[in-house]
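K.L.:
From TrEMBL, here are the annotated features:
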DOMAIN    111-451  domain 'EccD-like transmembrane'
TRANSMEM  112-131  transmembrane segment
TRANSMEM  137-155  transmembrane segment
TRANSMEM  162-183  transmembrane segment
TRANSMEM  216-235  transmembrane segment
TRANSMEM  242-262  transmembrane segment
TRANSMEM  268-292  transmembrane segment
TRANSMEM  313-333  transmembrane segment
TRANSMEM  345-360  transmembrane segment
TRANSMEM  372-392  transmembrane segment
TRANSMEM  398-415  transmembrane segment
TRANSMEM  427-450  transmembrane segment
């Protein structure tokens, strides 16, 4: 046991003591008071204080409180003890307060900013290089693939920050390269996208011809390829591999069907119905792909599962769900836009019904990214339709936008009770069921089946 030599000053006597470091001060105090012949008056509590006024904690030892050999302690009552010193450094306080805030700038913000800058610069460099040097779009897409492979290699070697920056540059370069390739395959394939850069009704009309074009689909395929290669292969995330595979497969099917001459509207009908229907299957598929459902079978067989493995499987299932929902939402956005921007009433009605179903099914996803993806997949086509439609005038459009704003404000301010919320959920389930029942007739009407039947019976 180690000791610390101290000088203890009492009311009338002073002593130099060697006290054990590991014993609590409260256990040593009675012996010290007895040695100094200190007796509390009127029930006062005696304590030990340093010369600077700091009182020693009775439950902690001398070593824990940093009392050094040669220190001088004073015996005094708790009421007569001097105020403990307070040392405040304003500069340090400001620094600590700034670092602890949620909105403080961190290294992660720097990395994200640099990654976005790399993507934007790569997009501009690709666009101007293709125009200045007449470089084929195929060469640029090959460069995108090389960048993605480089990013995957960096991720494999543990250089995650560099891998993300390379992936961002690849995504930026993929956009102008994809539009250039679409323009080469089908003349005017990328022109519609440029026509969509206007404002108002003319913008909506331009976008109407370019929302499900080859340019957008090629860009989507390139983006999913980069994401799957870097995050799926490089960072070894199976959720990214599955999500990128779903997105790449769906975009490829839509692209080649359009390239083969199939009716774009008919393809959009099938794609929109399948994408919204898949929303009900994705949670179960995510549980199966993550291996979480197998733990029940293992436990039933008497096998043990560690908490760490179960938590990892749960995290993987959420990641699987997020990636796949985002992939399906991209397809839903493109197909719903194609249907809403058409002039066929059946297809517009089908798009409206599927949009309602998608909004109601947002409730089944617990995380924010899937919900945001579905919300974007519904809101963007609706905004494009409102910009391009000639069925309502400017006054009616202003009224619609005002009603939407009013409903959004009221919904944000309203906090229903649990009973009311439960009733609303039941009503939402009923509405979803009724809307789903209209999907099949609307889809059949979109292909002109009812018109053909009427013609046959005339």
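Indices start at 1 and increase along the chain as displayed.
Each residue, glycine too, has its Cβ placed from N, Cα and C.
Could you tell me the structural context for the features on the list?
P.N.:
Counting residues 6+ beyond its ends, the transmembrane segment (137-155) has Cβ neighbours under 8 Å at 126, 129-130, 162-164, 166-167, 169-170, 173-174, 176-178, 180-181, 183-184, 222, 225-226, 229-231, 233-235 in the same chain.
If one looks beyond the transmembrane segment (162-183) by at least 6 residues along the same chain, the residues whose Cβ comes under 8 Å of a Cβ in the stretch are 111, 114-116, 118-123, 125-127, 130, 136-138, 140-141, 143-144, 147-148, 150-152, 154-155, 189-191, 193, 213-215, 217-219, 221-223, 226-227, 230-231, 234-235.
Long-range contacts of the transmembrane segment (242-262) within its own chain (CB-CB distance under 8 A, at least 6 residues past either end) are made by residues 185-186, 212-214, 217-218, 220-221, 223-225, 227-229, 231-232, 271, 275, 289, 320, 322-324, 326-328, 330-331, 334.
With a cut-off of 8 Å between Cβ atoms, the residues of this chain six or more beyond the transmembrane segment (268-292) that come close are 212, 238-239, 242, 250, 254, 310, 313-314, 316-321, 324-325, 328-329, 331-332, 334-336, 338-339, 347, 350-351, 354, 357-358, 361, 364-365, 374, 439, 443, 446-447.
Under 8 Å from some Cβ of the transmembrane segment (313-333) lie the Cβ atoms of residues 220, 224, 237-240, 242-244, 246-247, 250-251, 254, 271-272, 275-276, 278-279, 282-283, 285-287, 289-292, 295, 354, 358, 365-367, 369-370, 373-374, 376-378, 380-381, all in the same chain and six or more residues away from its ends.
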K.L.:
Do any residues, 6 or more residues outside the transmembrane segment (112-131), come within under 8 Å Cβ-to-Cβ of it, and if so which ones?
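P.N.:
Beyond its ends, the transmembrane segment (112-131) has Cβ neighbours at 137, 140, 164-173, 175-177, 180.
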K.L.:
Do the transmembrane segment (427-450) and the transmembrane segment (216-235) come close, with at least three CB pairs under 8 A (pairs 6 or more apart in sequence)?
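P.N.:
In this chain the transmembrane segment (427-450) does not contact the transmembrane segment (216-235) - fewer than 3 Cβ pairs sit under 8 Å.
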